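Engineer: Not my notes, these are from TrEMBL:
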BINDING   H79, H90, H92, C98  Ni(2+) binding site
DOMAIN    4-40  domain 'Ribbon-helix-helix protein CopG'
DOMAIN    56-131  domain 'Transcription factor NikR nickel binding C-terminal'
Amino acid sequence: MKQRITISLDEDQAAKFDQLIAERGYENRSEAFRDLIRAAEASQTLSDPPSGATCVAVVSYVYNHHERQLSMRLTQEQHEHGDLVISQMHAHIGHEDCMEAVFLKGTVAEVRAFADKLIAEPGIRHGSINIIPAHVHRH
């Protein structure tokens, strides 16, 4: 059951909010506001997750595939953490550079630790992780 609420914004905030709605393709303010609340809830959950809280995540990184045994080490790490790894995608982005995206599912603590380990591998040039609480809401 949905509950109707009213919020007050100054003109500048309202204009910026309407611009955000238009840029992101929301049909109305309500859906945009609900997404803001979901994002705040997810951020709060992930900043101090309850013990055993689960998540899905993607860790992505760029590396030089000529780097000594790096591809082999990354593959070995993924196999050793098969309980967390859902899937992996590999892309060639240049003559020497590759990008990988590894999709993960597990507890927030396990996923973060594994992602940090991958990103810290010698030879990884850039890496990041995007974590989403496993109790994903649908629109």
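Glycine too: its Cβ is placed from the backbone N, Cα and C atoms.
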Engineer: Just to verify: the residue among H79, H90, C98 with the fewest other Cβ atoms within 10 Å, which of the binding-site residues is it?
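Structural biologist: Taking H79, H90, C98 as the binding-site residues, the minimal 10 Å Cβ count falls on H79.
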Engineer: Would you mind listing, in sequence order, the residues at least six apart from H92 (Ni(2+) binding site) in the same chain with a Cβ closer than 8 Å to its Cβ?
Structural biologist: C98
Engineer: Using DSSP and collapsing to three states, where does C98 (Ni(2+) binding site) fall: helix, strand or coil?
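Structural biologist: For C98 (Ni(2+) binding site) - judged by DSSP and reduced to three states - the answer is strand.
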Engineer: Within the domain 'Transcription factor NikR nickel binding C-terminal' (56-131) only, compute the mean pLDDT.
Structural biologist: 94
